[in-house]
Amino acid sequence: MTILNHTLGFPRVGLRRELKKAQESYWAGNSTREELLTVGRELRARHWDQQKQAGIDLLPVGDFAWYDHVLTTSLLLGNVPPRHQNKDGSVDIDTLFRIGRGRAPTGEPAAAAEMTKWFNTNYHYMVPEFVKGQQFKLTWTQLLEEVDEALALGHNVKPVLLGPVTYLWLGKVKGEQFDRLSLLNDILPVYQQVLAELAKRGIEWVQIDEPALVLELPQAWLDAYKPAYDALQGQVKLLLTTYFEGVTPNLDTITALPVQGLHVDLVHGKDDVAELHKRLPSDWLLSAGLINGRNVWRADLTEKYAQIKDIVGKRDLWVASSCSLLHSPIDLSVETRLDAEVKSWFAFALQKCHELALLRDALNSGDTAALAEWSAPIQARRHSTRVHNPAVEKRLAAITAQDSQRANVYEVRAEAQRARFKLPAWPTTTIGSFPQTTEIRTLRLDFKKGNLDANNYRTGIAEHIKQAIVEQERLGLDVLVHGEAERNDMVEYFGEHLDGFVFTQNGWVQSYGSRCVKPPIVIGDISRPAPITVEWAKYAQSLTDKPVKGMLTGPVTILCWSFPREDVSRETIAKQIALALRDEVADLEAAGIGIIQIDEPALREGLPLRRSDWDAYLQWGVEAFRINAAVAKDDTQIHTHMCYCEFNDIMDSIAALDADVITIETSRSDMELLESFEEFDYPNEIGPGVYDIHSPNVPSVEWIEALLKKAAKRIPAERLWVNPDCGLKTRGWPETRAALANMVQAAQNLRRG
């Protein structure tokens, strides 16, 4: 029984983000479709070759996507919303881009499909839309073409296909409501056709992804798996693939399926290998997801070997990444600025392929010398002074319940704040950032590259802050912001100023479409060596008599949008960040800043996949926010901002944050979101976003007034604020001025009654 290895998928964008550049060039009309397709072909060939050279036996094919793999599956099945269809009914790459972006070089623009998080990762997928009586047919043959490409290059191919039940689970019904699971029998013939085509090409194994099997699914959805896979059996061997959590709770459903193998995530799941071996049919192959596909740490391969060695020789076994390597940067070797010790702790996608080769060889031969050598740096890290800061650990251990409580309840604080700020009814403000113009970006880049000295850089930033204050005063806003000209990214900026983080040059991962992010990496205990935001907030406040908000990114969001440590809990990391930022709140307050906003857009998206795990997460997530904020005096007003759409199921936790003011994204839902706050009888102040900053459209005064009147039917007017949905960083100044002028006018009209 020779053990093989494989990956579940590989990053698509290219080491230098070649895919992003090709996409954006094509969208802008600067290159042809053929040039775009050529870049895709070259990237796929390179990535297959790189994996093969790194020692991977079975190469994933079908993991590449022009925008997103769920969207690719929609096209495969012929699921194209009517508004995005070509007039002749054909499907091409522009159809795909219209669904993803709302527009493409050809065809009529139409509202893009909804985008949401892929399970609990920072990757986003385009939500499939389903209508009653919908028809499906094999329409987009990208998978088959890529399999032909890989076979022609002589590769050992393992096609990757998103499974039918998970595909339906990820979608939403549009128009007349019905049970989308009822479409299962309509999509299965397309899957059968695809599997038949793969069998014709001599394919032995197909990786069929059903990550929904790690969720707490309704019984009807669990029951759907057996008939679905009864219909799909027989043409090729199916590797039922799960990830991001364990499968033990749904193992009875899984073991009844007519498949030939199961992939389990042994990094994020709590499945016991011996128990899995005992319960799986003896003729099934087990694919052990031992190498973390969604973090950047080198694996301790001696531990991984010990985890799996007892079942070697007892059943067919493959070793694999826990999930697709899509969530990891590509290649550590090009990072030239990382300290040698720190660099030795990391493994990016290509290094993870090498880890799989080392593990396969050791399991086949029994010789573990290479594993011990590879694991030495990560074992040495446990004792590194770069990791452990006794002062931070001592401070964390000393936290008491008192540290997460404001001195007084909201009613007492609100009175002190009213006396201090004397704001009018319907107070107006913005969420934080103003347009990041070419001048601002060039200024930061020149400083970063060393082409500009610190004095000239500071003079330039001060000028942009001054401009933002002047603009806001001219518009008549009540509570101002400094505009964040000095910040490139709301997480990276704080990470750069906190001890315990490092940054890469090329550690890009895909977020969606052509958007890539370069998350900071938490390498050790986190502390704040010096104030971060105080100087610029103080300068901005010196320019005006109106209150200027201090702007912080909250601890849970910094955690969720970084690569975390694996040797301590997420709770520990969040609370360390909270303590560091608590000192920032105290310093802002001492500098005369009376309103401080702590953004937590990621609080909800950090929720565990299983609802039974939610309470523990929300408890420490809320506590981290409160530790961050509770140092503030009664007359300091704490704001928070959240930009997502589902509050109903976490209202208790949102109220428990005890922020004096919460601003939320509501314009696209026509204030429907406020229902949750009304039903819950939310006690503090709320700023429902009155216009969508993601659109260049300028809302009219009447439209904003109507939304605010609607809001006032649900929330008492004396507790309402007036603000946009989100920060204005991506907008231009002309539409920003026009939209804010209308927003201020609407508030003034309401004050006059």
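Just so you know, glycine gets a Cβ as well, placed from its N, Cα and C.
Taking the Cβ of H694 (active site, proton donor) as reference, residues of its chain lying under 8 Å away and at least six apart in sequence are, in sequence order, D725, C726, T730. Secondary structure at H694 (active site, proton donor), as computed by DSSP, is coil. Among the features that Swiss-Prot reports, active site, proton donor is placed at H694.
The DSSP secondary structure for C516 (5-methyltetrahydropteroyltri-L-glutamate binding site) is strand. Neighbour density for C516 (5-methyltetrahydropteroyltri-L-glutamate binding site): within 10 A of its CB lie 17 other CB atoms from the protein chains shown. Annotated 5-methyltetrahydropteroyltri-L-glutamate binding site per Swiss-Prot: R17, E18, L19, K20, K117, R515, C516, W561, E605, in sequence order, evidence recorded as sequence analysis.
Under the DSSP three-state reduction, I431 (L-homocysteine binding site) is assigned to coil, being neither helix nor strand. In sequence order, V481, Q597, H641, T663, I693, N723, P724, D725, C726, G727, L728 constitute the residues six or more apart from I431 (L-homocysteine binding site) in its chain with CB-CB distances below 8 Å. Positions annotated as L-homocysteine binding site by Swiss-Prot, on the basis of sequence analysis: I431, G432, S433, E484, D599.
A C-beta separation below 8 Å, combined with a sequence spacing of at least six in one chain, links G432 (L-homocysteine binding site) to V481, E484, K549, M551, Q597, D599, H641, G727. The L-methionine binding site annotation in Swiss-Prot covers I431, G432, S433, E484, D599.
According to Swiss-Prot, the feature Zn(2+) binding site maps to H641, C643, E665, C726. C643 (Zn(2+) binding site) falls outside any helix or strand according to DSSP and counts as coil. Residue density at C643 (Zn(2+) binding site): 20 other Cβ atoms are found within 10 A of its Cβ, drawing on all protein chains shown.
Within 10 Å of its Cβ, the residue among the binding-site residues E484, D599, E605, E665 with the fewest other Cβ atoms is E605. Listed in sequence order, the residues T430, V481, M490, M551, Q597, H641, G727, K729 complete the 8 Å Cβ shell around the L-homocysteine site centroid, once I431, G432, S433, E484, D599 themselves are left out.
In this structure the residues listed as binding L-methionine are I431, G432, S433, E484, D599; their two most distant Cα atoms lie 14 Å apart.
You'll find the Cα of C516 (5-methyltetrahydropteroyltri-L-glutamate binding site) roughly 19 Å from the Cα of C643 (Zn(2+) binding site).
Of all the binding-site residues listed (R17, S433, C726), C726 sits in the most crowded Cβ setting, with the most other Cβ atoms within 10 Å.
Note: the Cα of E665 (Zn(2+) binding site) and the Cα of E605 (5-methyltetrahydropteroyltri-L-glutamate binding site) are spaced 15 Å from each other. The binding-site residues recorded for this entry are L19, K117, E605, C643, and the Cα of C643 lies nearest to that of S433 (L-homocysteine binding site).
Look at E605 (5-methyltetrahydropteroyltri-L-glutamate binding site): DSSP puts it in coil.
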